[in-house]
Amino acid sequence: MKTVALKEASSILPKYWPLTMFVHHNPLHELESLHFKQALKIAKDLFDAKVYMDPSYYVDLYRKGKVRKDSLEKNIEEFLRENNFNFNKYKVRKFLTDISPSWKEYKEESFNNPSIKVPDYLLEYIKKDKGYDNLDNLFYTYIKKYLFSEILDILFDQNIYNVFFNDAVEFISRFLDEGQTSITLPFREQGYWNCFRQFYKLDKHPEDIIEEFENTFQPPSLQDYARQLYIRFFGWSSFIKFRESTPFYPYQEEFPINLEDFGSSLLYLENQYIQELNKSKIKNYFDLMAFYKENKYYVILKLFEHRKILTPKYISKLYTSKDYDNIFNKFINEEIESEAKAIVNLSTKVFDKSDYLQTYNLVKTLKEDEECYLWIKSLEDSYALNFGREFIKEYQIDEKPKAFAVFCVDVRSEALRRNLERVDNYKTFGVAGFFGVKMALIEFDKAHELLLCPAMEIPDKVVLEVPTQKTQDYEKRKKLLISLKKILEGLKNNPYTPFFAVESFGWLFGYKLFGKTLFPSVVAKIDKKIKPKPPKTFYMIDKLSEKEVDTYTDKFFYEKIYQAFEKEGIKIKDCEVKDILSKLKNNENISQNYQKVLNRYRITKQYYDYIYNRFSNIGYTLDEQVILAENFLRLIGMVEDFPEFVLLVGHGSVSDNNPYESALDCGACGGNSGYHNVRAMCMILNKKEVREKLSIRIPDGTIFIPGLHNTTTDEIEFYDEDLVPENSLDKWEEIKKDFKKAGEKTRIERLSSLPYADNPEDVIVRSIDWSEMRPEWGLSKNLGVFVGKSESRINSVLKNRFFLHSYDYKIDVDNSILKRILNGPLLIAQWINAEHYFSTVDNEKFGSGSKVYHNVVSRIGVFSGNYSDLKIGLPYQTVYVEDRPFHEPIRLIAFVEAPLEKVVEAASQTDHPMMLVKNEWIRLVVIDKEKNKVFLFSNGNFVEL
């Protein structure tokens, strides 16, 4: 089947989650089976992207002392040995620090120095090595990187590709729309291909389209061509991959799509626009080869121009002269001579060598692959050594803690934890932000599930939020706000009513736009008064009985069937609905007319079974709750000496006019706030029946209180405070004051890194200011994970750069706890780290560019301007400040406090984490306090630091 080639081509795509549940991910996830360095080499070629920062960036860090000289020299020595280069490591270091960052200028200076003489053998060697002696190879290498429409545009200054691209984006964005536009694409419910086919009046299947494209254009490899096609639509394709691989995603159920159909539609559109707009005589790859053979120098020069290889002087000549042979030869001779002179200069003045070929090969190897990898490894090694020496120190705390506080591992919790520990004697813990409760929660006023767990998992339990107070006032206010919002959105998304919108509702737009930009604090207070206050609620965490499951499922489907017929304008009696439901459940025949309605609304036996299963999964049995509680407490080493108050503090963020708000929430909660998870775990841990069955003794007087850390403002709010007994209220108020002090200290600390923030109030104002592009730094500057006891880092100032997960290896007899940490929180941290890395090194390719040009599209993501690929990474403002990187792009460094043998044994019993460590996507450091030694995994072995 022809679609197999498309399926294989799409295998390099990652998944991209929608903005509403933004999940940090590695854009090179499908290359993680390769070593980090090899994967980056492939990605550089495949995506035409940068995969490291420029050498000058690393040299700047070296000059600031962040890269240790001994680490750099050790890695230079290793590099020289592995590549059989006989050079002095100190002289190579001089080249890396003093010459390489300005290599282009060094070549120009050398070229203009008449005293430098170059032997002919060096010129010939460079010419051959760069492929300038074999134009055919150059041509074949380059054309594989382009679509046929792009080649026609490059060679003949046409605009076919842009027209094709914009049309494809227009269609796919409308098909994938999740409620942004008020003018929906017809036939979406029939699936992508049927919708596309009817829209473009086609009577063909994907197989036919692929075969037609192949016959028309004769590409050298259909699979390679399709891969380039998916890369041009990288964001859209990655979102489709998420859609087709996510069971029961509502929009995928309603409007199904797959990558093979999408790829086929792109082949069709490109074919159509080439036929319509191509003014050249080149109709296929056969014609292209013939044209190349007759116009070799012209073709190569045009490709050089497009790839920014040709210098401005020769670009000008390309358009003012047709002597392409002469232009090409002059250009490459100049390039070769400047390179050769620089090599001779370098050999003589820096390396004291007359073996120019060896110097050339050294520089070539460094410049092509090794230089920046050597820098990044040296930077990581420096951090590993510096922090390893910090964490190996032992600190003893004898005073009884005032309270325990458990936070998410998120880097933004580090400063708050540190400041709380210094305000008074608090013992803090870190755990993945779902707090041991993976659940799908249905809020009392919502009709959909929130998946509150890491993105790589699907929760098998459903929890319902149920109000304990009357909700009439809340519902009344909420309906008013929703109605107003719908009116405004309807006007905004209808292209023919902007005038009406301004005339009728200009005052309201003005209130929001100017108020939230010029007077954000005032507007926030008004909004707070208008916004309905939700009623008190509790969670239905106890499992439903079989009878309740039957009843609720039948009621659900009764309503669904009744509403389906009502929408179709068909009157149906109660007894008929019950009869249809009975037949549906028992797989009996239903009349054809009724069946048509059921099919249209996807009311099937399969869906009934799914809903029945979801109702069956509501809540946990008592034994399941005991297991959740036991696992949670042992995971973080909280097994004894419980104080009266144990605070479980999740985190979320609040910012206005920010499409990426979900990215600032909790990654372990699927891009949602951790509020629900901490409440659920507190309810479980406070249950008398649960405590009675635990093997860990929790005193009767110990209370678990849920809280939420707003990472944008560092304010902490607590919930369910009615659990606090009257005789403990004074102590509780004191604890809340301590948290407030810690939050204030954290805000002041963050001021120094936030641009244009002069006082702590500015931090709060940023969260409600519509014009603020950087409400907080989020997870930028993340560096590593520390897995161990809080005592080991209690005197360290980690500046919100570490994910902190509590772990006590002494209670982890069978390594099960460490394996859970490696398989869960470590992987989440690696996804976050990788996304920040690639969004920094090439923000246009792997990030999402500047927020200034962002437009939300289809409510699933953003694109730049009116048409672009769906942007899959982080905005420029998240990782850069004033044209300088704020985030330091390095691999995640995982520090694990445990005996070396224990870590090796646990890691070897995992699959993906072990692969990431072996392939050095994660740098693993072991803090072995029993040996009083620190070990780093490097090049397949643990080495002592």
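Cβ from N, Cα, C; glycine included.
Here Swiss-Prot has CYS408, ASP410, CYS666 binding Zn(2+), and the candidate from HIS651, HIS676 in that same listed site is HIS651. Counting neighbouring Cβ atoms within 10 Å of each of the binding-site residues (CYS408, CYS666), the lowest count belongs to CYS666. Figure note: comparing Cβ neighbours within 10 Å for the binding-site residues ASP410, HIS651, the maximum is reached by ASP410. Taking the centroid of the Cβ atoms of CYS408, ASP410, HIS651, CYS666 as the Zn(2+) site, the other same-chain residues with Cβ within 8 Å of it are PHE407, VAL409, ARG412, SER413, GLY433, GLY650, GLY652, ASP665, GLY667, ALA668, CYS669, GLY674, HIS709, THR711.
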